[in-house]
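Notes follow once the structure below has been shown.
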C-alpha cells in the first residue's frame, strides 16, 4: 500500500489543533465584550433627551444610555454569573451568552456560509469566516507584515511576538499567551470532556476536537489541495500533503539517510533498523512494526473487500486502495517528475521513474553485489539470473524505500 503514513494521518486528525479557532473560546471572549443590542423601549427610567447617556458606571466611568444597560455592565465588575450550564458547569454573566454556549453541546449551528456550506453558532463567526473567501486581511502586524482577517487574531499574534505568557497552570507550571488556552489545557488535568459526538458516545475536552472527529461520520473534508484535488479533514494534514508535491522532506534517518515528510513516519521507519516488530498477528504470528499495518494485514486474512469500484466492479479492502485504483479510470496524474515534467498517477511510480534520472539503484543482490532501481528487477535477478548463485534463499535490501 502506497503512502501508509499519509493515509494513517487521516485517521488521527484529532491531533495538533493549534491552528483551529474554537467556537467555545469565541463565546467566552465575546462575553467579556458583551453589548446590549436589543432596543429598550421608552420607560420611566429612559433619558428625557435622545442620545444622552445619563447612567455612569461607578467602577470604570463608562456611560450608558439606559439603566438596564448599566445593570448588565456592572456584572463584569461584580463577577456575577447567574447562568450555569448543567452539562459542563460553565457559568455566564448574560443569558444570551449562555444560550450561545448551549449550542456547543446541542450541535445547533443556524448560520450557514453560502459559499462552502460551513455552519456556525454565531452570526459574528460567520461574518469573520466570509473573509476567508474574499481573502480580505485588513489587519496587518507592524512587526512582521503578516495580515489577518480578524483584529483578535492580530492581537494574539502580536502577544506571541512579545513572548509574554501571563497565564500559568498551577498543576504543571506550563504558561500560555491567552486565558482561553490555559482553560483548554487545564482539562488535560481534570479529565473534563463536556463535548459529546452527536453520532457516537465518544466525548472530547474541546469542541474543536469534536468537530474534527465528527467529520469521520459525515465524511466532510473541507480542506482541498489545489494541485491534485485531494481533500482533508484538517488544515495541518493538507499542509503535510502539500510537501509531497514540493518534494520537501524535513526528517532524515541517521541510519540510512532516508527522508520523510513527517516525524511520525521517521519514527515508524526506525523500527526497520531495529528489526522491532511488536505487533503480532494472532492468526499467522507475522510481526509488524506499526499497529496500522497489523490491522490492514488482519483485514486481508478475513478476505472482506467492502470498497467497490462502480466503473469496473473491482473490490478493495481499504478506501485508500479504491481511490488509487480509480485513477486508472479518471486518468488523474497528480505527481510530476521534477526532471522532465512527465506525470504519474501514483507517488511510487514517480519515485521509480526519477531513479532513471538520478541513477539511484537502492536494491542490491547479496550474492553478486549487482544493484537495481526496482525491487521487481532484483527479484527477477535472484530467480535464476544471478551468475554466482542460481537461487538465493534470501535477499538483502538496503536502506531505501520499498517501492
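Positions of Cβ are set from backbone N, Cα and C atoms, glycine also.
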What range among 1-54, 55-108 does TrEMBL record as region 'Disordered'? 1-54
In contact by Cβ distance (the domain 'C2H2-type' (83-110), the domain 'C2H2-type' (167-194); 3 or more pairs under 8 Å): yes
Just to be sure I understand, if DSSP states are collapsed into helix, strand and coil, how many residues of the domain 'C2H2-type' (279-306) fall in each? 12 helix, 4 strand, 12 coil
Looking only at the domain 'C2H2-type' (139-166), mean pLDDT returns 84
